[in-house]
Amino acid sequence: MGDEHQPGCGCRSIDHLVEGVKAFKSSNYGQELDVMRKLVEEGQAPATLIISCSDSRVDPSLLTSAKPGELFTVRNVANLVPPYAPGASLHGTGAAIEYAVRDLEVDHIVILGHAHCGGIKALIAGAAGNRMERDFINDWMEIALDATNLVVDDPAAEGGKRSVTLEWLEENRFLVERSAIGNSLRNLMGYPWLRERVEANSLQLHGWWFDLETGDLWKTQPGDTRLLPVL
């Protein structure tokens, strides 16, 4: 796992990762040589775009047992999709979405969230007025601020609903993690060329939430942002 340190440096060694590439070349790459040659000569044609968290514990290709060329992957903190804003200065995630939808013409987009997300922890803290002293994280996470505005059924409350406190959400972070997935799905529909394909039934949107504690997967049904357990 890279626990050894490099000589003359306090950094953990990455030599094992280099050895991993060598092992991949001699085994996996060699076994998939025809596939890799086809991908080089004909280019990629993935059916699925996965927008996942950068968290080291959640690897989309590993989780799905995907083969080379199957997934077009975007990773960012808390698997967020910014609102459609072509004149804005931050285009990394939007550019990847546009390329996947308009050029690669993927058939599916999956928002892959997970339990114990540090980005969501920062979001809840920021909503409670405890913003981290960071240059980028706070503004980025505010994309999902609506995910902290949750209500639950309560017959004793006015209208039969009551708001959930941030203190309670800090102890039940999974609710915000799942809510943020729904927020990203809604933001996707703000991209006009993406919405056109969804409405033409040539593109499907999916929300997935992976439970690190159990290995279980929760997912949405097409047209619905509610997450239900499937594994």
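Glycine residues also receive a Cβ, built from the backbone N, Cα and C atoms like all the rest.
Look at TrEMBL and you will find CYS53, ASP55, HIS114, CYS117 tagged as Zn(2+) binding site.
The residues near the Zn(2+) site, meaning same-chain residues not in CYS53, ASP55, HIS114, CYS117 whose C-beta sits within 8 angstroms of the mean position of the site's C-beta atoms, are SER52, SER54, ARG57, VAL58, ALA78, ASN79, GLY113, ALA115, HIS116, GLY118, GLY119, ILE120, GLU177, PHE210, in sequence order. Counting only residues at least six positions away in the same chain, the Cβ atoms of CYS53, ASP55, ALA78, ARG173, GLU177 sit under 8 Å from the Cβ of CYS117 (Zn(2+) binding site). Cβ neighbour count for ASP55 (Zn(2+) binding site) (all protein chains, 10 Å cutoff from its Cβ): 20. Residue environment of HIS114 (Zn(2+) binding site) contains 23 other Cβ atoms, counted within 10 Å of its Cβ in all protein chains.
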